[in-house]
Amino acid sequence: QIFTKKIFQNGGDGQVLSLLICGTAVSCQYLADAGVDTPMFQSFLNYGLLLLVYTSALSARRGEKNLWQVLRANWWKYLVMGLSDVEANYTVVKAYQFTTLTSIQLLDCFVIPVLMLLSWFLLKTRYRVVHFVAVGVCLLGVGAMVGADILAGRDQGSTQSVLLGDALVLLSAALYAVSNVCQEDTVKRLSREQFLGMMGLFGTVFSGIQLAVLETQAVASVQWDLHIILLFALYALCMFALYSFMPVVVKMTSATAVNLSLLTADLFSLFCGVFLFHYNFSALYVVSFVVIIVGFVMFNAVPTYSALPEGGPDDEEAPEVQEVPGPDNIYYRLIYNLFNCLIHLILLILCDGQIKGSLFFQCI
């Protein structure tokens, strides 16, 4: 059967992740319109939230699952994971300064073949012909989206140094693939909490160092007001929700399947841009969305073989680890509550900060 409950659930979860990425894109666009250029500071806010919530929870644990024991066992893997994630976020943002939007949208798909290759060798994942066909269908959908951008006359951005910009996009895609493979291995072999706690710890360290070196003056020059603060809060909450919820979806599917579903994120951003930034609309955007979803369904209709277990220790082990019952439900409730907060923030931002104090504190 193709249209099963699991496929619908996985597809819906993937689109939730795409909507969160769309939220980060919209907030970044508003910040750019306000003259704010602080990509590393924005990443630092997200990693700081992960540190505050998940790394603190790990440090409060006792026994073999506490922070010190986790670091002793796999510190090098988490270091690679954190460094690759931080640099992937940074290099793709820098690429916008040198190359065109079309190049970024096309070359960013390089993450999928790299991820499949790494999964094949490191995670022992085995794909069938239908999976490669499904990836090709998804990439056709991306091609339709890029074609729609060109036909709609969308601003293509900088062409300052296209070769350098393209290289940065490819580097970013490869780094994302490394981070995603580490994520899938960690959440399926160990636990989501370990992945998020370690990402918060190493991500905060590496992004904090780069922030201090590269963006101190940029952050100091920001003209802070309520509108800018709300935009930063929207970005940080979207990223925090994305990082918190993505391991849940990866555990149920795979990093490759999640990245295929994330191809629709640019389309959600474009749909928002039609209303918020007056982009020209093209019917090819709808065609692109449908083609990507068809490819995603094809990929998930036939299971892949993987040496990784379906469930991790966090699902089965002692009551000490199961500090709160029903972890999946807790994650879904967390995302639901964060969405409520994000909706309030979006309404406040669209009102240009002209709000009553009671509504602001209700949002917080």
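Placement of Cβ uses the backbone N, Cα and C atoms for every residue, glycine included.
Automated prediction, rather than curation, is the source of TrEMBL annotations.
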Range annotated as transmembrane segment in TrEMBL, from 5-25, 194-214:
194-214
Is it the case that the transmembrane segment (257-277) and the transmembrane segment (226-245) touch, counting contact as three or more CB pairs under 8 Å in which the residues of each pair are 6 or more positions apart?
no
At a threshold of under 8 Å on Cβ distances, which of 129-151, 194-214, 226-245, 284-302 pairs most often with the transmembrane segment (44-60)?
194-214
